[in-house]
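Peer 1: Below: one structure in structure tokens.
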């Protein structure tokens, strides 16, 4: 069909065996429990973007799911369900589809290993090619998908009724008079339907963007097109890019769709539009996409992406515990995960949230999951933060599991042959797993063979003590636990100690010892002793964790903790929220490897930096940031159950950083109920849900650019209740590109919204 041909054309999958297999489909066994394992037919639909499956539910409205909703496909018995409900002998027949967000995994079993491989390789290929689609192709694919839904009888023609349905699909609300006018303008054959070139004309009317016309017209000075020299002038004048003429020519060769223009080394308007759908035209600096920072400095010189109660999928009281939660956190670049371990039956240690109704997962299963997924997203070290509540016997088993399962990846001895004086670097610790927890003796015992008691008492972890404290009316004495030497010996560079004061830490705390702070304690220190906190974190690691009262797995603001130089700022990764957006933005650069080098003034004691008092820092490079929010493209329809519901969008720009830099400004909302005359109808289309335009200028003073984070949020305005979230994008100030830029939009769970975005102009000037 035309739809399949278009997909194949866009992706270069002509004659692909895997794609043809998916389009043909086949029977798979869906596994939900021991007793619920039923055969269902699955097939990739003709749009190559949607999977269809049969269902036993007669009144089920939707038997499909989008390829875009799939996070990954895992071959083998990699999920808890398949491990629990299928036999070892079926390993090669099993695979799981992992969805984005909170949707449950789909566990499936093919009739043979060969068939399972075809399903996995086919799905992975389609997912990869969908991810690699540039914005323009995503948009084209989305338009075709909406047209297909509107074309009720599937005749590849569009009636007036279908056109109105299509416009609502893409967030455009028009009355019957204007819909008829648009239809008649495109129906040049007067056949009563749109087809062929008429649909092409309709598409061109929809995709007309005045701002692109203006910018392109200013620089298209060679026979109405941009020559390579014209393109270079635009890039240097507007984009502050350091391209050469050869770079401009290479871009035209790669991205110009018109062959005649390409031969002349010219860029047409379509080619210019493609520039903004490539990484070169994005707001995010592509030079910051790979690992580009110095990774040879001590571990404490980096912000480290960190998770709290990693085992939980939902809330802290009765939510499920799962190995899947570890896999998801590690796959997002998280480099410090938490394991809350308790004695289990049959001598097997379990992970769960103590004194609650959360479900339980075997410690050894979690360690296996960590082994498999620790270094898929990043090669840099993973820290296992242990909350140990176990008996000595089960502690010994914990040590055995970590040593036997993690093997050479587990760090069991300090690097080198001599006692170090500082923490090693992420580069030196590549593909190594560190254990954070209590230790019976000093680290130099690893070199001088000092004998230690096989078992001794140590104070309980601060976070565990806080839980007990909250359960009692009076503050209890510091609890002690018995610690097995086997477990103690695995703690090398992250020995947990209690924090007394900065003075005490400076005199007594070794470089490999680190304290954990609950959020309220950390906030008090960050508010009242910020400079001392910054200096403490120049040679020590600090971990911050959410208050025990956050039973809903909500998160605190991580920014003040980063401003104080704290490295391990642990958040509840399972909860989509603004705080997680900030975390995702902070760790977006540097290859999303989970490590971001702190600014020099947070690493060098010669600098006196207090984030709450900037008068002592004349060396700061202050900036004035100018942001013009020009327009948005293809904003998603929020309420799909209400066909006539159209968004009234507004854009908010927020700055996070030191207290002096925090700011927020927003555009007015655009009301879809605004009236427009017949003469300006096409222009009016630009001001409603499909391509709203604002042209609003904002100005911000940025005192500490190195710590500033910029967040764009798009909302649907509501007069009667809180605005609805549409999408957001967050990135460090220092990773922004200047000039005219496209801002992609992400969902609440952090996934990309295909084809949707903002068009902005960015400029930052020295103060």
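Glycine is no exception: its Cβ is also placed from the backbone N, Cα and C atoms.
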Peer 1: Select from 422-450, 451-479, 480-508 the stretch of residues annotated by TrEMBL as region 'Disordered'.
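Peer 2: Within the set 422-450, 451-479, 480-508, TrEMBL attaches region 'Disordered' to 451-479.
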Peer 1: Out of the binding-site residues 387, 716, 718, give me the one sitting nearest to residue 308 (active site) by CA distance.
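Peer 2: In terms of Cα distance, residue 308 (active site) lies closest to 387.
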Peer 1: Sort the recorded positions 309, 340, 353, 387 by C-alpha distance from residue 716 (Ca(2+) 5 binding site) and give me just the closest.
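Peer 2: With Cα distances computed to residue 716 (Ca(2+) 5 binding site), the winner among 309, 340, 353, 387 is 309.
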Peer 1: Provide, as an integer number of angstrom, the distance between the C-alpha atoms of residue 387 (Ca(2+) 3 binding site) and residue 353 (active site).
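Peer 2: Just about 10 Å between their Cα atoms.
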Peer 1: Spatially, and counting Cα to Cα, which of the recorded positions is closest to residue 309 (Ca(2+) 3 binding site)? Options: 353, 717, 718.
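Peer 2: So, of the listed recorded positions, the one sitting closest to residue 309 (Ca(2+) 3 binding site) is 353.
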Peer 1: Please report the Cα separation of residue 338 (Ca(2+) 3 binding site) and residue 717 (Ca(2+) 5 binding site) in Å, rounded to an integer.
Peer 2: 39
Peer 1: On a simple 10 Å Cβ count over all chains shown, which one of the active-site residues 308, 353 is most densely packed?
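Peer 2: Per the Cβ count within 10 Å, the most buried is 308.
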Peer 1: Around the Ca(2+) 5 site (716, 717, 718), what further same-chain residues have their C-beta within 8 angstroms of the site's C-beta centre?
Peer 2: 647, 648, 649, 650, 669, 715, 719, 723, 724
Peer 1: Taking just the CA atoms, what is the gap between residue 717 (Ca(2+) 5 binding site) and residue 353 (active site) in Å?
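Peer 2: The Cα atom of residue 717 (Ca(2+) 5 binding site) is 39 Å away from the Cα atom of residue 353 (active site).
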